């Protein structure tokens with residue numbers, strides 16, 4: 001399955017007691033299908049993967065594959081700090097039916113660029129799934145350079161990158177690597193429209209958890225080079241882009257999800273949204289239904 005358009009980095013709904021919320025998860029999956037997204041990511045950073053048990057990981061991924069697998073890509077977050085553990089997690093995701101592995105650069109250990117090349121080649125060779133690279137140095141402490149991506153893009157089982165550095169120069173460098181076999185995806189909602197107009201394939205979004213139709217519309221218009229309409233939609237979504245960054249992801253978007261009846265809480269060490277941001281959350285939540293309705297016209 002091709003990787004393009006809007007892909008939602010799914011949050012993981014929890015109940016008030018901290019347990020998984022299977023009903024909330026099904027409602028979130030339904031919302032994404034209704035919004036026409038082109039793919040989803042299960043158990044990535046937005047999904048609080050670091051807090052999930054193996055059994056919870058399996059439950060989330062298996063139920064997502066059962067509900068929407070075969071229609072759109074179901075990517076699984078499988079990146080861990082060690083190569084052997086990342087391979088093991090990727091094989092686990094493959095056995096559960098994921099279409100791709102989204103593999104973040106190894107957090108905390110700060111490998112060299114040569115180390116990244118060796119790491120990703122090993123995962124691509126042994127993990128059993130097509131690999132999508134994921135660069136988010138603000139979270140991992142490791143910045144994968146475009147030259148490193150260029151070397152990895154030649155591997156037949158490395159099929160794309162999620163680049164969360166919203167720098168224009170970085171996007172331009174990665175555009176040179178884009179091909180039918182290698183997708184370039186933005187991981188930054190706020191700069192995605194501009195990047196898609198420049199030629200990248202799509203967006204892996206946080207805000208689309210609550211506004212799948214609206215973010216899909218923005219991405220489609222950007223890909224069609226309808227500049228005026230793209231600017232209009234990007235402007236409507238700008239308050240959501242900004243709000244999702246007022247505290248570490250996924251705290252803000254989970255506050256919005258809670259306000260539309262999906263999920264209740266986060267897991268430590270993340271805390272609920274600070275009270276100072278509650279008025280903004282209430283205001284934005286009140287706009288969600290109208291924006292989703294408008295996106296279908």
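Just so you know, glycine gets a Cβ as well, placed from its N, Cα and C.
Features of the protein shown, as given by Swiss-Prot:
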type     : residues : note
SITE     : 45       : site 'Part of a proton relay during catalysis'
BINDING  : 46, 204  : pyruvate binding site
SITE     : 108      : site 'Part of a proton relay during catalysis'
ACT_SITE : 134      : active site, proton donor/acceptor
ACT_SITE : 162      : active site, schiff-base intermediate with substrate
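Annotated features taken from Swiss-Prot, shown on the structure.
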residue : record                                               : DSSP class
45      : site 'Part of a proton relay during catalysis'       : coil
108     : site 'Part of a proton relay during catalysis'       : coil
134     : active site, proton donor/acceptor                   : strand
162     : active site, schiff-base intermediate with substrate : strand
204     : pyruvate binding site                                : strand
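Counting every protein chain shown, 9 other Cβ atoms lie within 10 Å of the Cβ of residue 108 (site 'Part of a proton relay during catalysis').
With respect to residue 204 (pyruvate binding site), the closest of these recorded positions in Cα terms is 162, chosen from 45, 108, 134, 162. Put simply, of the recorded positions 45, 46, 108, 134, the one whose Cα is nearest the Cα of the residue listed as 'active site, schiff-base intermediate with substrate' is 134. For residue 46 (pyruvate binding site), the Cβ neighbour count at a 10 Å cut-off comes to 23, with all displayed protein chains included. Other Cβ atoms within 10 Å of the Cβ of residue 45 (site 'Part of a proton relay during catalysis') number 24 in total over all chains.
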